[in-house]
Amino acid sequence: MWEPQGSLDPVLESIENELRDQVAEARSRWAGFDARLAIVQVGGREDSNVYIRMKLRAAENIGITAEHIQLPRDITETELLANITSLNESPYVHGIIVQMPLDSVHPIDSHAITDAVSPDKDVDGLNTINEGRVRVGDLSGFIPCTPAGCVELIKRTGVTIAGKNVVVLGRSRIVGTPVSELLKWEHATVTVCHSKTKNLSEITKTADILVVAIGRGEMVRGSWIKPGAVVIDCGINPISDPTKKSGQRLVGDVAYEEAVQVASHVTPVPGGVGPMTVAMLMRNTVQAARRQLDRLLAPTWPLRPLRITPLSPPPSDIVIARSQKPKDISELAHEIGLFSNEVSQYGRTKAKISLSVLDRMRNQQGAKYIVVAGITPTPLGEGKSTTLLGLVQALSAHRGRNSFAVMRQPSQGPTFGVKGGAAGGGYSQVIPMEEFNLHLTGDIHAGTAANNLLAAQMDARIFHELTQKDGPLFDRLVPKIKGVRKFSPIQLRRLKRLGITKTDPDTLTEGEKSKFARLNIDTSKIMWNRVVDLNDRYLRKITVGQSPTEKGFTRETAFDISVASEIMAILALGRDVEDIKERLANMVVALDKSGNPVTADDLGMTGALLVLLRDAFEPTLMQSLEGTPVLVHTGPFANIRHGCSSILADKIAMKLAGENGYVATEAGFGSDIGMEKFFDIKCRASGDTPHCAVIVSTVRALKMHGGGPPVSAGMPLNDVYVQENLELLSKGLCNLGKHISNGNKFGVPVVVAINKHGNDTPAELNLVKEFAVKNGAFRAVLCDHWAKGGLGALELADAVIEACDSKSKFDFLYPLQLSIQEKIQIIAKEMYGAGQVEYTDEVLEKIKTFTDMGYDKFPICMAKTSNSLTGDPAVKGAPTGFTLKINGIFASVGAGFVVPMVGEISKMPGLPTRPSIYDIDLNTKTGEIEGLF
């Protein structure tokens, strides 16, 4: 309370204590809470410095981190605006104030500068948006500090504002106009006067409350004031005073000594409205920080789903996708809690998300983690991607839960081959589907370039070593620059690995120079192929080096498809950029003639790889058909690699969704391949614990496993698949039972999602559902999201929510300290049902070599057909006791796993007789892609 004629110190102290308590309360909710104020000053006026020091002291007393950003006098308006934009975009700055006047040698529009400050960070309250809000009575924004301080002081007197006659003397944009509006919204009767007002003193004498901001020293005399009035003096004017050392003193617009004889309350100058203005600045800053915290900790996003109107029967996927207008990706990013500097837009429907999100939200608890896998599929697929999207559409758009789908980026090989796109289907898909299935943001192309540059450097190094003697080779590797030789950092790392401690190139012995310069790659033991993101069977075996310029140094090699590259697996498994860098450096591309590994770092490639892959570190934000968020990142093959989207994308999604949210991601193929690798490789690398596994099943696939005729892409289905056949279905249920059992072995609840197809009968669907529940499924539900979108997956969403709330007892299938053969044995028996494992002599020899090199402590990434639980794609159902034959093995040292090969696994698919390219065209009038799906 501000007592009559009393000091304002108790008022200021009370406000300071309130703000200090608010900061403490916020820190109790969020350990990393730090209210931050940026004070921008142009030039160095001493009067401005005085005000800034006041603000810095006030901030420190409250617990606000205030930064004084002093810019030079020669700064231009464009440069100043760039600084403000940077502060606007920073999630670590909550409030921005630009100290006026701007002391610049260049003309700068101060109004443009104040309007450049984001309304959400305009703690000075001078942005036109915030001023306009005050004008119309919307006080949800930031109120200008001096007017807010005036109203606060009046309230602290205990005087009721409503119904009082208020006179405001002054109409400035900063004080007079906004304070008059504020008092009007406090239900006072407000009269605004100014220097042209006639009979001014008579009007002021009618005021119960008088606010003066005219800018003329001691203009208002005691005779102008109504007895008992509250007087708020906003002026500060220097006048001559020979008794002062400076020769002047500061006075307000009111003759204070006269006013205190008449009024009940009068603010002193200095020490009145000035400190109160600073207090309101601090209040606005704390409010801004708390608003950001409230948004961060809100249980649900302010997500606005997109409405869909499903047609029956559903039209083609591309027709459905184009019937929906996506929301602008910047709008979706804002809804899910991203800041503009964390979002790099690629057009209006996709954007890269900065890894800095993980640092900003490091104290945020993660969301529930769900993996979607399947039974052993038919060549047509059973709808895992569609189920994944239907699930998150149901969770977000219909159950109001924060949820992400995290997906792999599809390769263009299958897109132009036979499979088509991988964006889901029907009313559960990613949009725009053409962008999702084609180049997207170029990550696969970046991986292709990095992979092939490494291959080019390796072959070039082999050539140069074959055509040069030790001395010239060393001199070219470590050239003199301005007469001085110097090792690069990556060369120093090689020296360290070689046990050479010298750092001056000129001090190396001839033997050390030779050891450093020669990699001595054994061309018969090269493990690194070039890649291309297309299906091209004629690249499965090629000869390189046939040009006369290569002097006869030819060798046989091959191209793989880009998503089979180890680099793609590393991007998917890296926990941060430093981890990715280390993994890239450790990639083994060949063995030397002594049998030692030759790495990418030995070839000097690590830094160049990082540069090529820089943008590919970040996941891409897209949206589902119902406007819910989807993160797309990396696309490692599910057979030769681990077949999962990236750890980084999952971690960003889990932070953004929050502890009450859900993140669902897909594992390639069935539980025997994709889900096992998700748990034993991806979760082991990430440290994240899954809460639930969803196994996708169809009646069609189970009939195939019961002995139905083969299912082939592009061929009509046999009648048994479109007519009720409970006997055939019953025989195939064993495959579903095996996949449920596989999930349960990891200690996570398994929800079975039964995708409905048009020809499925109620009896068939119920048979599958009853079997699943009796054989270990946590829940089994029917799903119709392909036809209905999220509404068709509500039962699935509810089952997943319930499963995630139950207690998961997740554990890995095997410990890493077991031998390579022991780990393979466990996977073969537990996941596939094998009785024993056989190895070729060559495989056994390689296992011994890998063990000697320390690779035996890596997890196992089995390369096996996805069409059977066995190694034979023709064997269906769930056989047991069979022999699994390992006929090849290699180590992906950078990715960090050993890959046993079961049967022939191609790393380069081929095009079929009639690939989908026959149907694809571009409408030259509309620019739309036709026939892609």
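Heads up, the Cβ atoms here are built off N, Cα and C, so glycines get one too.
Listed in Swiss-Prot:
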{"type": "REGION", "residues": "1-303", "note": "region 'Methylenetetrahydrofolate dehydrogenase and cyclohydrolase'"}
{"type": "BINDING", "residues": "TYR51, ILE52, ARG53, MET54, LYS55, VAL98, GLN99, MET100, PRO270, GLY271, GLY272, VAL273, GLY274", "note": "substrate binding site"}
{"type": "BINDING", "residues": "GLY170, ARG171, SER172, SER195", "note": "NADP(+) binding site"}
{"type": "REGION", "residues": "304-933", "note": "region 'Formyltetrahydrofolate synthetase'"}
{"type": "BINDING", "residues": "THR378, PRO379, LEU380, GLY381, GLU382, GLY383, LYS384, SER385", "note": "ATP binding site"}
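Each residue contributes its Cα atom, and for ARG171 (NADP(+) binding site) and ARG53 (substrate binding site) those atoms are 28 Å apart. Taking each Cβ in turn and tallying the other Cβ atoms within 10 Å, the top scorer among the binding-site residues SER172, THR378 is THR378. Here the Cα atom of PRO270 (substrate binding site) is found 71 Å from that of LYS384 (ATP binding site). Over the region 'Methylenetetrahydrofolate dehydrogenase and cyclohydrolase' (1-303) the predicted model carries a mean pLDDT of 94. A count of other CB atoms within 10 A of each Cβ picks out LYS384 as the most crowded of the binding-site residues ARG171, LYS384.
For PRO379 (ATP binding site), the same-chain residues that are 6 or more apart in sequence and have a Cβ closer than 8 Å to its Cβ are VAL711, SER712, ALA713, ASN867. On its own chain, GLY274 (substrate binding site) has MET54, ILE236 as residues at least 6 apart in sequence with a Cβ closer than 8 Å to its own Cβ. Listed binding-site residues: GLY170, PRO270, GLY381. The one with the lowest count of other Cβ atoms within 10 Å of its Cβ is PRO270. Taking the mean position of the Cβ atoms of GLY170, ARG171, SER172, SER195 as the NADP(+) site, the remaining residues of that chain whose Cβ falls within 8 Å of it are LEU169, GLY176, HIS194, ALA213, ILE214, GLY215.
In this structure, the C-alpha atom of GLY383 (ATP binding site) lies 59 angstrom from that of GLN99 (substrate binding site). Here the binding-site residues are GLN99, SER195, SER385; the one with the fewest Cβ atoms within 10 Å of its Cβ is SER195. Taking the Cα of LEU380 (ATP binding site) as the reference point, the closest of the binding-site residues ARG53, GLN99, GLY170 is GLN99. The maximum pairwise C-alpha distance among GLY170, ARG171, SER172, SER195, the residues recorded as binding NADP(+), is 11 Å. Neighbour counts of Cβ atoms within 10 Å were compared across the binding-site residues GLY272, GLY383; the minimum falls on GLY272. Cβ neighbour count for TYR51 (substrate binding site): 18 (other Cβ atoms within 10 Å of its Cβ, all protein chains included).
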